[in-house]
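Everything below concerns the one structure shown next.
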């Protein structure tokens, strides 16, 4: 029996660490044979001990529990006991069995904990990398563009974008074992859902970041100015403003949009948004945000609203749109408590409390709190040729004659002759080569109103205005009041109506806006006539009728009252053509044209009176 143990015993240690007499001192007899537990059964291969399982003698019984030495509770503890010492030796670098942790690896009782957020790690190196997310340290710099990274592996991945290297190739199906598919979460299932707004996320970390928009928590502080941020990436972008750094430009060349399209994007923060949309000129910080935005210009829109039928390219846009119908406003202002349906609207509102004006005009150094206000202001500095379209150069504007004196009417111009059928054109408006072909309508200019109402022929510049106007003819009111159930055709009308439930009054206009003459640039042929608004009599009823002096709390009530003086009746009945000054009066009138079918006869629907004879009802 001892002959069978001798070939295996010396192979337990490497040649330079071989101790022939060690088995006698530790109590290992000739009958004690070391064997691996059943859970470590694997294919014969060389492991950390330096031998193979197939090298064992064929007459050994592997897995006999009776052969375990005395005092050894686990087979993994065999190699750490040295000559009566019952604990591992820290400086030992000998072989280790399977399942034994490496030296220097933190165990459960020696976990490395971050002092900022309390997150724990098994190794100190992982804690050092994690702390760079709090300090913003980026010691690894790219040699091509100079971009910094907190981890060396991130820099290696980034450098492949410059070199074009693709080291990972797909393995042919014939080589290697079959690939086992991982269990992934289906695209339609998102387990993490926000309890405030109902938005779903794929990862719990994204839900934690999103919930900070509701709670206002900002754990990441700037070390220079102390400003807080809810995301570490937002703090990194903010710190570029202190260091004067600019983000790297995209490698793919992009077509520069026109000056009119990028008028509002050339402010002081334009350098932080290198990705530009070629369709509308909007800038973005991340390329993924640009790709998500371009879906709104082209591609299908699978997300449709069940209330008004409007379609969206992203589900998040549909969630925001549904708040218009439900009146939900989950984003509250911490200063005044006002609610907003969108987080960006709350950010713009907070500027009214802080007085921040981040958008500056490069022409006159005037600052604005909104980018849309800056865009309208910059149009006053631009020349007419800046509004030309590709293929349709805009000629010099013909100076208009001075207006007639007050009290006189302008002279009537004769009618133009009938159209002969030839293409109509103006000098200087011939399309350039490469422009739109013949027969295609030119794009609408700034003063055109291409969207016409088929009922009354009124024109609008935007299609959304036409949709709102068309509700006047159809009587549709998709915006319902959650308190009393009253419907409104416009969301702003519902907002004004909600003030009556809360006991609020309409705000009077500030004194600075009552008299504001318009001074256009350039020489003025005659002094403009200022428009004088009616002075409000008090803060509770600012709207006064100019005919009889009656006061109203809302401007809509004043508009309805003026129709009693002017005789205007814009709401026409589709059956008899009778006009009404109020839409509610027309609805009451139209009920007289309908007759209800008794229960059990027909389909039970309301029909016009002209169909009464056909139904056989008296």
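Any Cβ shown, glycine's included, is placed from N, Cα and C.
What Swiss-Prot lists as compositional bias 'Basic and acidic residues' is 1-22 (among others).
Among the features that Swiss-Prot reports, compositional bias 'Basic and acidic residues' is placed at 39-51 (among others).
According to Swiss-Prot, the feature compositional bias 'Pro residues' maps to 392-414 (among others).
The compositional bias 'Low complexity' annotation in Swiss-Prot covers 415-432.
Annotation comment: Swiss-Prot describes 508-528 (among others) as compositional bias 'Pro residues'.
Per Swiss-Prot, SUMO2 cross-link is recorded for 87 (among others), and the stated evidence type is a large-scale study or a structure entry.
As annotated by Swiss-Prot, SUMO2 cross-link applies to 179 (among others).
The SUMO2 cross-link annotation in Swiss-Prot covers 269 (among others), and the record cites a large-scale study or a structure entry as its basis.
Among the features that Swiss-Prot reports, SUMO2 cross-link is placed at 329 (among others). Within the same chain, residues at least six positions away from residue 329 (SUMO2 cross-link) with a Cβ under 8 Å of its Cβ are 323, 339, 340, 341. In the three-state DSSP scheme, residue 329 (SUMO2 cross-link) falls into the coil class.
In the three-state DSSP reading, residue 477 (SUMO2 cross-link) counts as coil. Marked as SUMO2 cross-link by Swiss-Prot: 477 (among others).
The SUMO2 cross-link annotation in Swiss-Prot covers 610 (among others).
Residues or ranges marked as N-acetylmethionine by Swiss-Prot on the basis of similarity to another entry: 1.
As annotated by Swiss-Prot, region 'Disordered' applies to 1-51 (among others).
Residues annotated as region 'Disordered' in Swiss-Prot: 78-109 (among others).
Sequence annotations record features per position, and here Swiss-Prot assigns region 'Disordered' to 157-189 (among others).
The region 'Disordered' feature in Swiss-Prot is assigned to 235-271 (among others).
Around the Cβ of residue 477 (SUMO2 cross-link), a 10 Å sphere holds 15 further Cβ atoms from the protein chains shown.
Each residue in the zinc finger (220-242) gets a DSSP state, and the totals come to 11 helix, 4 strand, 8 coil.
Same-chain residues lying 6+ beyond the ends of the zinc finger (192-214) with a Cβ under 8 Å from its Cβ atoms: 185, 230-231, 316, 319, 328, 330-331, 343.
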